[in-house]
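Reading through the structure tokens given below for one structure.
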Protein chains: 2
Amino acid sequence: MEIFRTPAELQAYALSNKRAGRTIALVPTMGYLHAGHCSLIDIARQKADLVIVSIFVNPIQFGPSEDLDKYPRDFEHDAKLCTEHGADAVFAPEPGVMYAPDASTVVEEQKLSRPLCGARRPGHFRGVTTVVAKLFNLALPDYAVFGMKDAQQLLVIRRMVRDLNFPVEIVAAPLIREHSGLALSSRNAYLTADEKERAVILSRVLDAARPALIAGGVEAIPAVLEVMKHEIEKAGGRIDYVEALDASTLETPNAKTADLLVALAVYFGNTRLIDNTLVWVKQ
Amino acid sequence: MEIFRTPAELQAYALSNKRAGRTIALVPTMGYLHAGHCSLIDIARQKADLVIVSIFVNPIQFGPSEDLDKYPRDFEHDAKLCTEHGADAVFAPEPGVMYAPDASTVVEEQKLSRPLCGARRPGHFRGVTTVVAKLFNLALPDYAVFGMKDAQQLLVIRRMVRDLNFPVEIVAAPLIREHSGLALSSRNAYLTADEKERAVILSRVLDAARPALIAGGVEAIPAVLEVMKHEIEKAGGRIDYVEALDASTLETPNAKTADLLVALAVYFGNTRLIDNTLVWVKQ
């Protein structure tokens, strides 16, 4: 497996492979890989001739008071998992080679990026779309695989790809959970044993919301969200948001809404966890 | 010569040629081609296996009170010139196939795009960088040729390419002038015979500024700009801006400035013309 540390190395590798007619699948990650990431690599492996995994804790998608500095890192373990899952190359640059000191260009999605995490983390999605555009231009993928845990990110990236005509097919990979129901996340490493046990409430309230919303439709949303918030707070979670939006537009659901994204961000201790589920309210 | 009307057609053509190992040069234009554009096509022809000319009057780079609706168009003549200069393909889409009704993603350069035309035409360069990013993703060029008449545009595009890692080499093509000195522009078609004669003052004042700035350096700028403005107004031009900035940063020149961009935008009648020259003040 190749390991590239600079944009120029990766782009040269990608260009020569594209010119030789080989297809490329990219798995963009921030490292500290878990079974969720591995499932993305497995999917990428089935899609293309070459699989490139990027490992980059992207500073411009973190707010000034967020966890950039303490974000967990373990490159040796990451590289081992990438090898085991058949990646052909890992791209692991330092921030200094990714961003020039006078970098002044951003890619911004201005609609789907506004609610939910976009409202709570100003600038986050601008950082995401900017770095993903860079990674697309460096790895030149035919496919890029993103996990559905970051449901809003997936929507924003799909919109960016459509609007800017990137020649990339975005592949959505199912959210992977622990046996307890807790969604896999690199940030789970921050949780104490007690917090981890309490955080199981997130998948439980999402599971309970599904039948209630399927039965009650859009009108049931306010009551369902109230119950969810109550249960989360009872378990010691501090709510950042718990919302149900139209899953296509991320606008307030209305009579035409066919499917809902029920999404939440909740703190346990200092750790912010996100989770979500899709509910078809019209079938 | 191929003529493509939709993004999907162009991208399929570009992808299959890239996979076959052929190189591509793109010449992005707004059509109504003149000898300046033809020189860009000639340069592109020397660079790559395939030359693609895009002809698209991009609505999002025009302000609400600008000349989008009356911008001159002549597709038959444009196609003839493209054929004569050896282009392999023309991409001429309608705005409706370039922008979805709910398009919400922009590419924005936030520093070099601010002064000069950026200050006078808010949103202009955001429209330019967004459409050029789209054209790069559709035509997948190894080279893209831009004229030096739009000097600020060239700087902004180069910065975008660097910051977003587009795998494209930007080629700068010399400004082409009429025998009178008037810079070629599709907008010259708007000028009356009288206005066209008066507009010759623009290249004259730029020519006169060069030796004065080489002799006097950065300190001479205010006096030189005063003379330029006076001469332009005497010839009946209405000044939008006449400025001399550091040609690398587009900031106010200082003791370290090695070369100046002397740039101007001036109205004759209702027609806004731009012109510029580069002056090396330190050699």
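Just so it is clear, glycine is given a Cβ too, placed from its N, Cα and C backbone atoms.
According to TrEMBL, the active site, proton donor annotation covers B:HIS37. Same-chain residues at least 6 positions away in sequence with a Cβ under 8 Å from that of B:HIS37 (active site, proton donor) are, in sequence order, B:VAL27, B:THR29, B:VAL53, B:LEU81, B:GLY147.
Using a 10 Å Cβ-Cβ cutoff, B:SER186 (ATP binding site) registers 19 neighbours. DSSP gives B:SER186 (ATP binding site) a helix state. Annotated ATP binding site per TrEMBL: B:30-37, B:147-150, B:ILE176, B:184-187, in sequence order.
Residues or ranges marked as beta-alanine binding site in TrEMBL: B:GLN61. For B:GLN61 (beta-alanine binding site), the count of additional Cβ atoms within 10 Å of its Cβ stands at 21 [all protein chains shown].
The (R)-pantoate binding site annotation in TrEMBL covers B:GLN61, B:GLN153. Secondary structure at B:GLN61 (beta-alanine binding site), as computed by DSSP, is helix.
Nearest neighbour of B:GLN61 (beta-alanine binding site) by Cα distance, taken over the binding-site residues B:LEU33, B:GLY36, B:MET148, B:GLN153, B:SER186: B:GLN153. Working note on the binding-site residues B:MET30, B:LEU33, B:MET148, B:ILE176: by count of other C-beta atoms within 10 Å of each C-beta, B:LEU33 ranks first. In the three-state DSSP scheme, B:LEU33 (ATP binding site) is classed as coil. Listed in sequence order, the residues of the same chain lying 6 or more apart from B:GLY36 (ATP binding site) and placing their CB within less than 8 Å of its CB are B:GLY147, B:LYS149, B:LEU175, B:ILE176, B:ALA183, B:LEU184, B:SER185. In the three-state DSSP reading, B:MET148 (ATP binding site) counts as coil. If you take the C-beta of B:GLN153 ((R)-pantoate binding site) and look for same-chain residues 6 or more apart in sequence within under 8 angstroms, you find B:CYS117, B:PHE125, B:VAL128, B:PHE146.
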